[in-house]
Each structure stands twice: as C-alpha cells, then as structure tokens.
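Take a look at the structure set out below.
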C-alpha cells in the first residue's frame, strides 16, 4: 500500500499548484477529485486498528459458532439445498445484477469492472452477525459464508471471465488468493472452536453468544468509523456509481429473499439467504482493485467498495429494524389473541356450569 501511495507522487506538486480544491500533498488530483497519501500517524493507526478489528472479528465469529449445532450444520452439508440456493444467489444473481446495472447506467469500462468485481465477491462475515439479530438460521448462514469463500477461488475468475469480456481483459485483474485463503481460515477456525464449545458446554455457549452478538454490533459500527478515519481524502466520483452503490445491495437483499422463497425455504432461511446475498466481502473487493489498476484508473472508482459497504450496512440495519418491529407486533397480537380465547373459554365454562347446575373450579375463575 505504501509503495502504491509513493508511486502516485510523480505529479502531485504541479497538479496542486493548478488546483485550489486539492491539498498540496494530494497524490491523485483532477479538479475536486483527490486522494491524500497516508502519513505516519495514519499508517500506525491503520496497523493498530487492523489488529484490534481482526481480534474482535475472530472473537465474534467464535461466539457465532456457539450458536451452531453440529448435527444441523452437518445436515446442511449433507443436504445442501439451502447452500445451493445461496450459491445461485451469490454467484448467479449478484454478478448478473452487476452486469445489468453497468449496462443500464452506461458507466465507463473501468467503473463497470469494479462493479462486477464487487458482484463476484463472496459473502462477508457481517452477514452472520445480522442473521443472528433477525433470528436467521445460523447453521445455514455460517455454512453459506464458508462455502462461498471457498468456492470464490474458482467462481470469481469464471464470473469475471464471462462478464468483463466487453470491457477489459480478465487476465488484467489480479485475484489475491492469499487474502481469500486468510479470510477462509479466519472464518473456519474460530467458528469451529465455537461449535465445539456449544457441543461440549451448551449453557456456557449461550452466554458467550449473547456477549458476542453485542460485540458484533459494536464491531460493525467500528468498521464504518474506521473507514471514515483512514479514508480522509476527498473524492468526487461519478453520480452513477453512487446510484449503483445504492441500488446494488438493495437488489441483492430483495432478489436473494425472493429466490429463496421460490425455492421453498422457510421464512427464517429466506432472511438468511437474503443477507448472505446482499452483504459482500467489500474488503476483498478493495484489495483486488488496488492490486489490479493504475493510480489514474483508481481515481475513477477507488471509493466504490466503500460506497457499497455503507449502503449494504444501511439496508441491513433497516431490515433488522423492520423485522424487530414486525416481531414485536406479531408477539403482541398473538398474546392478545390467546388472552381473548382464554377469556371466551372461561365464560363458556361458567355459563355451561350455571345452566347445568354444576360448579366452577378455581382454575376458571
């Protein structure tokens, strides 16, 4: 990353002199569009925060694993209908949606490619946290995240080969298999420990799960804040990318839910598939973008993964809020119905006793 930042300083001073909108140390500058290099403080802060977030993420995934039952998890692996539906959503719906959005908005070729890279990425771990809060199927959620990350090693090159032909040579895109592998290991190891704890000490696993779910909610907020701190440069990019970044995650959530329902999955699994479809691994997308393109190209689409990340989180929180309101209303309505039925049963019993000269027990009074 530091090499990339230094390599962009070839014309910073001359560009800064001709533009009052960019700071003097901007490495990419075109009118009001500029990227500021990391200073020593930012670099140190990035290392510290990355370490803390990695540890927190491992602990959160460990706690999520504490909600996974080994038999049910293995059942999803042996009868992978839910995983297969998720696979169709992840590597079928999302790349196709990215392709159609790029065509519909007629974006620049390099911008279309970054939208497609985002669409071809596997699911992110944040989906597991949100799935817990919307009472999703955690066994399915974690198995989908694991399988999509594993299958991404083959499916990402294939999808990019199919969809990027009209814009660029797919060989020009560098896929960081080491980053994908690290993501897989960071997911599988803590989750495996969590499954073991749930199998061995189920009562303790419930306590760990409650703590982990709260930490997970804090983690999501921290990631958003950290992104704002580290990317303090100002960008002015095409409004079309902002629109696509808004529509894309919403389409992923909606189409994922619809396809899961058409496939006959239960409501809580439909919610799970929806979240796994819409929530992408934006960190992986950012890595691929930075490895694959020149500074001049990055200027046109550098912040799209961040835009997508913001809106995928925003829509996920809206889904969570809507579900919580629905569940509270449903539980309240169900309780009122039960109380009404109980009163009607009591009245009918009392009247029946009076008509027949019987007695009314204390239980029905």
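The backbone N, Cα and C atoms fix where each Cβ goes, and this holds for glycine too.
The feature transmembrane segment, as given by TrEMBL for the ranges 175-195, 280-300, sits at 175-195. TrEMBL assigns the feature transmembrane segment to residues 83-105, out of the candidate ranges 83-105, 336-358. Across 112-134, 140-163, 175-195, 241-260, 306-326, the stretch most heavily in contact with the transmembrane segment (83-105), judged by Cβ pairs under 8 Å, is 241-260. If one looks beyond the transmembrane segment (241-260) by at least 6 residues along the same chain, the residues whose Cβ comes under 8 Å of a Cβ in the stretch are 85-86, 88-89, 93-94, 97-98, 101-102, 105, 107, 111, 115, 118-119, 269-271, 273-280, 301, 304, 307-308, 310-312, 315-316, 319. A Cβ distance under 8 Å defines the sequence-distant neighbours of the transmembrane segment (306-326), meaning residues of its chain 6+ beyond its ends; these are 118, 126-127, 130, 133-135, 220, 224, 227, 231, 241-242, 245-246, 248-250, 252-253, 271, 274-275, 278-280, 282, 285-286.
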